[in-house]
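So the structure is just underneath, and the comments pick up after that.
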């Protein structure tokens, strides 16, 4: 790898210092480094376009938490640039490298001692009166939920053209396996191995107590409509972008064509991450 981009939040001094240290470290190894610092305090890269990454970028190093990496995943879109995250945030399910082992892991990567995991993403479309008004790829999840003062919402759910059910409650989470340890887990959904190919539907505070999360194969087409006209229903993608839904909108969710290419070194163990982050086996 000879061309590497480093992305970090400029609002965090420790991230800026680490970015410059990594840049100097890589330069000594004859690597050209491109630093992207224009990220707001929420980790959102809304001001950037895909062309901001040079065409010959071999790797993107993300300094921050999972939210920053989610923004980078959206920024990359369909480009096949591999990504590695250095955790400066909280849980860090996606950013598996720590500051302590950062340079050891980068040395492994430069030496070719790594594998690339393909993490499936979802494509989320909103159609209104035969027009496509919203389209995004998500790495973690898409969430349909009601506003703070709205009543229970009714979401008519159709899978591959066949009616599934009316979900009545506070909303629905549509999660990838990568996102299964995020909002999906907090809402009582299952943990799915991150490289699996599946779409998880998890109800949020379902009015019907027998409604439970369902795991679907990744090839299904999911269509959602509002069963009753109601205001203040929102679609949110990866917790960062979204739109207000109109009563006649149709939401279509499928597996995206281009997965995110996430670098994994031999020292990263998904089961160890689960044990540490979720404190399994600890008194």
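Glycine residues also receive a Cβ, built from the backbone N, Cα and C atoms like all the rest.
Feature annotations, courtesy of Swiss-Prot:
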type     : residues                             : note
ACT_SITE : 66                                   : active site, proton acceptor
BINDING  : 66, 67, 140, 141, 151, 168, 170, 240 : NAD(+) binding site
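Shown on the structure are the features that Swiss-Prot records.
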residue	record	contacts (Cβ under 8 Å, 6+ apart)
66	active site, proton acceptor	85, 89, 90, 91, 92, 93, 94, 95, 140, 182
141	NAD(+) binding site	122, 173, 174, 175, 176, 179, 182, 183, 184, 237, 238, 239
151	NAD(+) binding site	230
168	NAD(+) binding site	152, 153, 154, 155, 206, 207, 208, 227
170	NAD(+) binding site	145, 146, 152, 153, 204, 205
**OP:** Count the Cβ atoms, other than its own, that fall within 10 Å of the Cβ of residue 140 (NAD(+) binding site), considering every protein chain shown.
**Re:** 29
**OP:** Kindly assign residue 240 (NAD(+) binding site) to one of the three DSSP-derived states: helix, strand or coil.
**Re:** coil
